[in-house]
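Asks: Got a structure for you, questions after.
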Amino acid sequence: SPTCIRSGQPCPYNENCCSQSCTFKTNENGNTVKRCD
């Protein structure tokens with residue numbers, strides 16, 4: 001079975017995250033990426 005993605009790691013969907021929450025964050029380069037909360 002798939003393991004959940006930890007906080008701070010890139011994610012496609014909320015369901016992939018251990019926290020069940022994947023939101024857009026701005027990284028150090030100013031790019032917007034979805035990461036687990």
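Each residue, glycine too, has its Cβ placed from N, Cα and C.
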Asks: C4, C11: which one closes the disulfide with C18 in Swiss-Prot?
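Replies: Swiss-Prot annotates a disulfide bond between C18 and C4.
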Asks: Please report the number of other Cβ atoms within 10 Å of the Cβ of C36 (disulfide bond).
Replies: 21
Asks: How would DSSP class R35 (site 'Critical for insecticidal activity') in three states?
Replies: strand
Asks: In this structure, which of the disulfide-bonded residues C4, C11, C17, C22 has the fewest other Cβ atoms within 10 Å of its Cβ?
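Replies: Fewest other Cβ atoms within 10 Å, among the disulfide-bonded residues C4, C11, C17, C22, is found for C4.
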